[in-house]
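Only one structure is covered here, and it is reproduced in the block below.
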Amino acid sequence: MEYSPILHNLYVVPSSHVRNKLFVFCVMLSLWVYMIYCCVGYCSTVPNLAYANRRESDADADNNRGSSAGASRDLLNDLDSRGDEWEDIRGETKALDDNAMSGFFNETESKKLPQAIIIGVKKGGTRALLEFLRLHPDVRAVGAEPHFFDRNYDKGLEWYRDLMPKSSEGQLTMEKTPSYYVTREVPARIYCMSKDTKLIVVVRDPVTRAISDYTQTRSKKPDIPSFESLTFKNMSAGLIDTTWSAVQIGMYAKHLERWLQFFPAEQLLFVSGERLITDPAGEMARVQDFLGLRRVITEKYFHFNPAKGFPCLKRPEGNSKPHCLGKTKGRTHPNIDPEVVQRLRDFYKPFNRKFYKMTGYDFGWDSEE
């Protein structure tokens, strides 16, 4: 076979210098491939992380809805007129306030059991008070009524704690469930949770409250009997039916006796539902002092709506339109027989006077005869 220079060159073994270059090239190529692979893998996870964060944000929004400087909504819409179960009203309008949003990723925030509770009374003005308090930067409150101490107590304190919004050190966690005040077992249960819990009760003229309670019920069940027939066990004898909840709730002194068996009087604050309408800033000063809060909610937060007859909330800064109560508030009361109204006033008079003495506060209901 003849010698061929071409074939000889093809079979020449590469020098060590060439081999080193090939090795470096392969290493660099491998590194680039690995980096591209990592980048692709990372990018593919980004949407999932965003989705997870969004779900976490939505979950926190459920607990923090409508907190201190909440988004626009009907501020005085009373949840007493809706379903009572937590699951039924959990889907309400909800929003994170500026404080909640700014502290969302703050690891110092945690869910705490409430240090203060609005325990009553139904149709007294509890929703208005809660919404006023939500404007305070140091208050974090649940929007819906948990009904833990009267209907869900068997679910345990951890279930209850999980309903609370996250709060940071120095913020006050609150909730409101108006039926607590008239439920026999509740005082002992709240005492077992914390004997230092501050309790707030919003009360109003028991006769007006009873008529308002009836009006709400009739809006849902138009075929219910008349107010007059429900008020009396025996119309001719004039015997009041104290088993009817609309009447029973207004016997404030009787219910207060149970609470004073567990809590000292200075741990309960009684707010006038009437003055919460006519002088909201004055009543809010009392509430903020009782809770140990700075007096942030003042007259500059309120705008009286003469058409509604209720105060509306406004932001002190800016020219935003005041936010007023929802359509369920301010219902027209039915015309009640004046004789029935007077008999009710006479019935409540001894309870009212005892209540004034127990609380050290004259609400002036007896002067409306």
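Each Cβ is built from the backbone N, Cα and C atoms, and glycine gets one as well.
In TrEMBL, the cysteine linked to Cys312 by a disulfide bond, out of Cys192, Cys324, is Cys324. Residue ranges 57-79, 149-171 are listed, and TrEMBL annotates 57-79 among them as region 'Disordered'. For Cys312 (disulfide bond), the nearest neighbour among the listed recorded positions (Lys123, Arg127, Ser212, Thr332), judged by C-alpha distance, is Arg127. Between the CA atoms of Cys324 (disulfide bond) and Arg127 (3'-phosphoadenylyl sulfate binding site) there is a gap of 12 Å, rounded to the nearest whole number. Of all Cβ atoms in the shown protein chains, 21 besides its own fall within 10 Å of the Cβ of Ser212 (3'-phosphoadenylyl sulfate binding site). Counting Cβ atoms from all protein chains shown, Cys312 (disulfide bond) has 19 others lying within 10 Å of its own Cβ.
Taking only the Cα positions, the spacing between Thr332 (3'-phosphoadenylyl sulfate binding site) and Lys123 (active site, for sulfotransferase activity) is 14 angstrom.
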